[in-house]
Amino acid sequence: MEHYISLFVRAVFVENMALAFFLGMCTFLAVSKKVSTAFGLGIAVTVVLGISVPANNLVYNLVLRDGALVEGVDLSFLNFITFIGVIAAIVQVLEMILDRYFPALYNALGIFLPLITVNCAIFGGVSFMAQRDYNFPESIVYGFGSGIGWMLAIVALAGIREKMKYANVPAGLQGLGITFITTGLMALGFMSFSGVNL
């Protein structure tokens with residue numbers, strides 16, 4: 001159990017997708033203007049990561065890995081296209097669910113919801129799973145931990161950006177300029193976790 005808690009904490013803080021690896025920056029910067037929208041996108045990314053990492057783990061270990069289907073047959077050259085296909089299918093199902101049951105959130109996320117399919121944080125989580133050779137339970141923990149970490153980062157940035165609306169930001173830094181500086185400072189804060197050995 002300790003191993004899974006350690007993996008979860010590492011995925012959330014030490015190896016944060018947004019602030020340690022800078023993955024998913026497009027949606028991270030664009031949707032972090034309001035906390036409510038950022039939280040909704042964070043939940044969507046967490047759900048997609050939490051489902052796609054274990055699903056791709058099964059596909060990788062049962063189909064793509066060297067000798068998984070037939071001895072001597074290595075289908076690992078299909079990793080990227082297969083991983084993207086599984087992620088796209090999961091995002092399509094999530095998009096239909098949000099459209100049906102949460103139309104306000106669906107409209108607020110707009111074009112960024114289908115873009116989760118090509119969000120490099122999602123693909124990064126799946127690629128790290130394959131590269132680090134996680135087993136199925138580890139991939140579940142890592143997927144949800146990575147999603148929670150990304151959500152924590154985007155909600156924190158959205159909260160800071162909401163407060164900065166009332167700040168006297170210099171004209172040259174208004175908009176994305178101060179957002180990049182804020183993201184960098186947040187990343188420095190999260191870097192302090194890198195010394196933690198779990």
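Residue 1 is the first one shown; counting continues down the chain.
For all residues, glycine too, the Cβ spot is worked out from N, Cα and C.
Database features (Swiss-Prot):
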- 11-31: transmembrane segment (TRANSMEM)
- 35-55: transmembrane segment (TRANSMEM)
- 77-97: transmembrane segment (TRANSMEM)
- 109-129: transmembrane segment (TRANSMEM)
- 140-160: transmembrane segment (TRANSMEM)
- 176-196: transmembrane segment (TRANSMEM)
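Between the transmembrane segment (35-55) and the transmembrane segment (176-196), the number of CB pairs under 8 angstroms, six or more residues apart, is fewer than three, so the stretches are not in contact. Under 8 Å from some Cβ of the transmembrane segment (140-160) lie the Cβ atoms of residues 4, 7-13, 15-19, 24, 28, 31-35, 37-39, 41-43, 45-54, 121, 125, 128-129, 134, 179, 182-183, 186, 190, all in the same chain and six or more residues away from its ends.
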